[in-house]
Amino acid sequence: MADVEDGEETCALASHSGSSGSKSGGDKMFSLKKWNAVAMWSWDVECDTCAICRVQVMDACLRCQAENKQEDCVVVWGECNHSFHNCCMSLWVKQNNRCPLCQQDWVVQRIGK
């Protein structure tokens, strides 16, 4: 987000005391010089960490990092909406065809970055 620096934007606060002797009119309580907006981005998945290798799913897994194959490491989502690295999950399903988190039968919903 861009910084807001359009001169002096003023904000007048109303008195919380409710007394009749409070200041009114054009008296400024403070002047806002600069404002840095901050935003958060959220995924549509329950967890953003691969439960098998404990690395964030949008980063390459440990094996792909060690073999320098970061671009080949993609994310796989199950019908249970849990996400893992595809290479981690492909090894997992050879031993156990269930989701490591919820133990439902593993069915691939989609694969991609």
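A Cβ is built for glycine as well, from the same backbone N, Cα and C atoms used for every other residue.
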| field | Matching residue for the Zn(2+) 3 site, where Swiss-Prot names Cys61, Cys64, Cys73 - out of Cys80, Cys87 | value | Cys87
| request: Look through Thr10, Thr49 and state which residue has the annotation phosphothreonine in Swiss-Prot. | output: Thr10
| task | Based on DSSP, name the secondary structure state of Cys88 (Zn(2+) 1 binding site): helix, strand or coil. | result | helix
| query | Where Cys99 (Zn(2+) 2 binding site) and Cys50 (Zn(2+) 1 binding site) are concerned, what is their Cα separation in Å, rounded? | reply | 11
| query | Checking the binding-site residues Cys61, Cys73, Cys102, which are within 10 Å of His85 (Zn(2+) 1 binding site) at the Cα level? | reply | Cys61, Cys73
